[in-house]
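Here the structure is laid out as structure tokens; the discussion comes afterwards.
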Amino acid sequence: MANEKGLDEEPIYVCRIPKQASSYRGSLNAHPVKVEFEKDDPRDPFNWSASKKWLITIVGCAYTGFVSSAASAYPVGYPSMTRDLNCTVLQASAGLTTYIGGFGVAPLVLASFSEEFGRRPMYLVTCAFFCIFFLPIALAQNIATVIICKFIQGSAASTGATMVGGTLADMWRTADRGVPMNLYAAAALFSVGLGPVIAGWIENNRNLEWRWINLAILLSTSGAYWLVLYFFMEETRGSVLLIRQVHLLRKESGDNRYRPRIEDERPSLRELIWISCTRPIWLLITEPVVLSFSIWIGFVWGVLFALIESVGLVFGTLYPQFNPGQLGAVFATVSIGSLIGFITVATRGPEARLYFACIGGILIVIGAIIYAWTTIEHRSNIPWIAPCIGITVFIVGLFHVYLAVFNYLADAYLIYASSALSGQSFLRNIMAAAFPLFTRQMYRKLTFPWASMLFALISLLLCLCPFILIIWGSEIRARSRFAKRLAASHTNH
């Protein structure tokens with residue numbers, strides 16, 4: 001119940017709708033009574049039951065899985081796509097590039113709309129676009145249509161790749177967020193492996209091939225998922241829920257003095273879009289920690305999509321007896337690696353995450369080296385399981401690095417964490433979008449072993465990042481302008 005005293009002094013915080021409506025009908029600006037959630041208010045997402053949180057977590061992670069599998073399943077259809085659309089493999093690869101590029105660019109704008117209108121509407125709208133655009137891709141008569149539609153689809157799919165992390169942060173307190181975030185990362189990588197496993201057997205059937213990879217599997221499963229979203233995904237953005245509760249309070253009480261506290265602190269949608277588009281880029285340019293980690297994870301993420309592009313070429317050349325279904329099954333190594341990463345990840349504080357990032361960086365190098373020297377042409381005595389082991393080791397390392405970068409930037413930049421993570425996501429996806437365009441040419445010109453070895457050597461150089469931060473990280477952040485703002489914020493509070 002609202003305390004009606006001291007309206008001109010400290011703000012009054014209303015936590016629950018009064019049982020008896022007030023008869024006061026003042027103007028909105030007259031003696032405002034500011035509202036925020038009570039500590040134990042059940043309407044606050046942080047206070048939801050564990051079962052409700054886990055249901056929404058699983059539904060959100062499933063979206064991450066769908067958009068990731070759509071990316072990795074697409075290249076499996078290159079053989080039949082290039083034949084039907086009379087295009088080159090490079091032109092077909094441009095569809096994957098535009099899809100991943102949409103992941104990098106769209107969140108800079110879409111994130112602001114989720115802040116203003118809530119997570120749930122964004123999920124429903126973007127998932128609808130994600131599902132619908134499988135249809136024009138499957139029915140396309142030229143590669144230009146595929147490329148354009150893949151960009152639109154990737155832009156919509158970016159919500160599943162980026163906003164799910166925000167959804168988890170809306171519900172889970174920092175101390176409880178470790179396992180949900182690990183599950184989110186595992187869903188992304190596990191599905192990167194799962195998509196091609198399914199798509200490979202569709203490509204292997206001459207009555208189905210690339211059109212049915214989109215039409216039958218992805219459209220039907222993602223379309224059904226939209227219904228799951230509609231019925232089970234609830235709004236998790238606390239500020240949006242608070243505003244809705246205040247509007248309901250005004251309506252039921254007839255008292256227009258009630259105002260959500262967040263309303264006075266939140267910028268306009270135009271300002272949100274401007275901040276969302278500029279601050280992540282500014283952090284990338286001015287913050288050595290953000291830039292170095294973003295280049296590292298961006299390069300490794302690019303190598304992941306280079307692996308996706310190279311598997312068909314490498315395994316198809318070394319093991320010509322493999323049909324498309326068997327080639328797709330190779331990607332099960334990605335799913336296995338992500339599961340091993342999920343099981344072995346550390347959840348005890350930022351230091352442990354950074355130490356595991358060091359281990360992950362080394363595993364990436366080892367995995368790339370194994371993949372390089374087990375894919376030597378004209379060596380028929382190397383079993384197919386050998387390069388698969390290399391991919392698995394690489395993915396285990398990638399999982400630890402990806403999670404460490406995500407958590408370290410969140411811990412280091414606090415109130416600017418969203419911008420720091422948006423910056424790394426932008427650079428990571430832009431770099432990953434470029435790799436499919438030169439992977440096949442690179443593997444042909446350098447040979448399979450030396451192409452992968454080049455990736456290993458660059459990864460070896462970049463894996464110094466967490467070691468440097470362990471030793472000099474605090475000093476580097478101390479020189480940061482944003483760190484000084486954070487210190488001033490803590491001092492004021």
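Note that Cβ sites are derived from N, Cα and C of the backbone, with glycine treated the same way.
Record features (TrEMBL):
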DOMAIN    53-477  domain 'Major facilitator superfamily (MFS) profile'
TRANSMEM  54-77  transmembrane segment
TRANSMEM  89-110  transmembrane segment
TRANSMEM  122-139  transmembrane segment
TRANSMEM  181-201  transmembrane segment
TRANSMEM  213-233  transmembrane segment
TRANSMEM  289-308  transmembrane segment
TRANSMEM  328-347  transmembrane segment
TRANSMEM  354-376  transmembrane segment
TRANSMEM  382-406  transmembrane segment
TRANSMEM  413-438  transmembrane segment
TRANSMEM  450-472  transmembrane segment
Maximum Cβ pairs under 8 Å to the transmembrane segment (54-77) - stretch from the list 122-139, 181-201, 213-233, 413-438: 181-201
Result, the transmembrane segment (289-308) in contact with the transmembrane segment (450-472) (3+ CB pairs under 8 Å): yes
Mean predicted confidence [pLDDT] for the domain 'Major facilitator superfamily (MFS) profile' (53-477): 89
For the transmembrane segment (289-308), distant same-chain residues with Cβ under 8 A (at least six beyond the ends): 71-72, 75, 96, 100, 192, 196, 283, 331, 361, 364, 368, 371, 391, 394-395, 398, 401-402, 405, 408-409, 412-413, 420, 423-424, 427-432, 434-436, 439, 442, 455, 458-459, 462-463, 465, 468-469, 473, 476-477, 480
Beyond the flanks of the transmembrane segment (89-110) by at least 6 residues, Cβ under 8 Å: 70-71, 74-75, 78, 81-82, 122, 126, 143, 146-148, 150-159, 161-163, 273, 276-277, 280, 305, 309, 422, 425-430, 432-434, 436-437, 439-441
Chain residues outside the transmembrane segment (354-376) and at least six past its termini with a C-beta under 8 angstroms from it: 296, 300, 303, 307, 314, 318, 345-346, 382, 386-387, 389-401, 403-405, 408, 448-453, 455-456, 459-460, 462-463, 465-467, 469-470, 473
Per Cβ pairs under 8 Å, the stretch of 181-201, 213-233, 413-438 packing most closely against the transmembrane segment (328-347): 181-201
Segment-segment contact (the transmembrane segment (181-201); the transmembrane segment (382-406)) at 3 or more Cβ pairs under 8 Å: yes
